[in-house]
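Everything on this sheet refers to the single structure shown next.
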Amino acid sequence: TKKSRHCSTQLCCCTQCLQGISFRRFGNSLSECFHLLQLQYKTLKVIGAEFGTSVLSYFIFLKWLLTFNIFSFLINFGFLTIPQFLAAEPNNLSFTGLELLTGAGYFQQTVLYYGFYTNATISKIKNGPSYNMQLAYIFTVGLYFVICFLILLFSMAKSFCRNFINPQAHSGNASKLLCTWDFNITNEKAVKLKQKNLSTQIKSQAAMLVLPVVTSLLNAFIPFFYSWLGRLERFHTPGQHIYVTIARNIILKISIVGILCYYWLNVVAVSESQCWETLVGQDIYRLIVVDFLFCLLGSFFGEFLRRIIGTTVCVNLGLPEFDIGRNVLDLIYAQTLTWIGILFSPLMPGIQIISFSIVFCVKKVSLMKNCQPPRKVWRTAQMTTSFMFLLFFPSFLGVLSVIGVTVWRLKPSEECGPFRGLSSMYAAVSEWIEILENYTASKWVVWIYHNLITSELFFFILSTSILIIAYLYWQIIEGRKIMIKHLHKQIINGGKDKMFLLEKLRTLQMAKQTPSAPGGQGQQVSLIV
């Protein structure tokens, strides 16, 4: 009928309009992203032009880490968080705002932490496809670290080739602290009991922040002492100063992270808490947040106040220089905490994205307003490779050892998380392989598991092959270096030969002009006489 045709044409027009609007919005969002990238590119160009490539290397490294965490967040959010939303139960805790600092309370019953994820198989459609959260969790984390290993290895090799070869539940915390007093209480004993209860709650909140505050204080003040000590030592080149400062800070940060990991794996994991994985995730959350706040305070006190003192109180000090070594190691320390926290808090890269974005803007403004360019120019190409190497070892390889111990040796919590009731997290894979053995179509997966993944011989052959390839590649590099030296010597010798031939030509020309010279001199002498 005419009405149905008219309705169908209206529906087609509406759908076309909606599609046009959605495409326009998508195009506008893409143009905004490209505009932001263009602004970042211009910012990097300005920094490189005014402060040199040494300071620029820090911002390039920070931008690389920011992109890397965006990739990490998309993987975990797509394969873990979105499926968990389908099976999630409503959160009965109230949000007060203090959770942004402590990471407890309302956040404990969200997808931010390990303990909130289910161990069931998610299936919203009857007789439809299902989603095994246990396998998804361990395979997502495992494949993520494999991809990280390959990306870091490739980036480090590329940089090396370019620069060296080819040059518990807590809710209502803020309201308890700020608006908790009940003015209807008039009995003296009730007042004392209420005061005691309030003081206990304040002490429990403060106790949660003791560990991250003490850790951040050590990370903030000891590197400043190292920088001051380096100025007294008077190194010959700025590169030596930065390498020594980096070595000292690495020892400091490795010690701090090692002590924290020992505490988490040997004290918290064996405690009688209901969900020790969530407690570890909360500790790492607080460490990242407090470290971020101390990073902002370091820019204020270490650069802004230093500029005011150097330009008004003590003019001889002058403007401060950007401390590349300390700032780079702060980034590596923050990224190390993020890698450790991914197993206990899958959305930890999202928190680090916000942190790194703010740090990028704050450091850029502080650099432009407070710092001066480096007084000495030095080679920075090798420093980029050094940054990638430090991110790979000891940071990433150390994190792999911590994750390996957690997955293979520690027993998961009995009442929370996707691996509850299992002897270890890796037991989920073993049980899955036992199920696949009953299916003929999955025999190839079982064969790969028994002959490759759990085979010591396979990993021995793989490691030997990698070492042989690395040795051959190193020999090729050394051969190229020798060839470059020989070619350099040939160029020098060729220049010397050309200079020798030019001298010979000059002497021959002088020899042709010498016979006429004595006669002319004799005539001049006779005229004088």
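Just so you know, glycine gets a Cβ as well, placed from its N, Cα and C.
Automated prediction, rather than curation, is the source of TrEMBL annotations.
What TrEMBL records for 275-381 is domain 'TMC'. Secondary structure of the domain 'TMC' (275-381), assigned with DSSP and counted as helix (H, G, I), strand (E, B) and coil, comes to 80 helix, 2 strand, 25 coil.
When Cβ-Cβ distances below 8 Å are used as the criterion, the transmembrane segment (64-86) is approached by residues 111, 116-118, 122, 124, 131, 133, 136-137, 140, 144, 147-148, 151, 155, 331, 335, 338, 342, 346-347, 349-350, 352-353, 356-357, 360 of the same chain, each at least six residues removed from its ends. Among the features that TrEMBL reports, transmembrane segment is placed at 64-86 (among others).
The transmembrane segment annotation in TrEMBL covers 135-154 (among others).
Residues annotated as transmembrane segment in TrEMBL: 206-229 (among others).
Residues 215, 218-219, 222-223, 226-227, 230, 233, 235, 280, 283, 287, 324-326, 328-329, 332-333, 336-337, 340, 383, 386, 390, 394, 398, 402 of the same chain lie 6+ residues outside the transmembrane segment (241-264) yet bring a C-beta within less than 8 angstroms of a C-beta in it. Annotated transmembrane segment per TrEMBL: 241-264 (among others), in sequence order.
The feature transmembrane segment is assigned by TrEMBL to 284-302 (among others).
Within its own chain, the transmembrane segment (337-362) is flanked in space by residues 59, 62-63, 65-66, 69-70, 72-73, 76-77, 80-81, 111-114, 117, 140-141, 144, 148, 257, 261, 277-278, 280-281, 284-285, 287-289, 291-292, 295-296, 299, 331, 395-396, 399, 402-403, 406-407, which lie at least six positions past its ends and keep a Cβ under 8 Å from the stretch. TrEMBL lists 337-362 (among others) with the feature transmembrane segment.
TrEMBL lists 383-408 (among others) with the feature transmembrane segment. Nonlocal intrachain contacts for the transmembrane segment (383-408), taken as residues 6+ away from its ends with a CB within less than 8 angstroms of a stretch CB, comprise 54, 57, 60-61, 138, 141, 145, 148-149, 152-153, 155-156, 159-160, 163-164, 239, 242-243, 246, 250, 254, 257-258, 261, 265, 269, 324, 328-329, 332, 335-336, 339-340, 343, 424-426.
Listed by sequence, the residues of this chain that lie at least six past the ends of the transmembrane segment (457-474) yet keep a Cβ under 8 A from its Cβ atoms are 451. What TrEMBL records for 457-474 (among others) is transmembrane segment.
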Averaged pLDDT score, the domain 'TMC' (275-381): 88
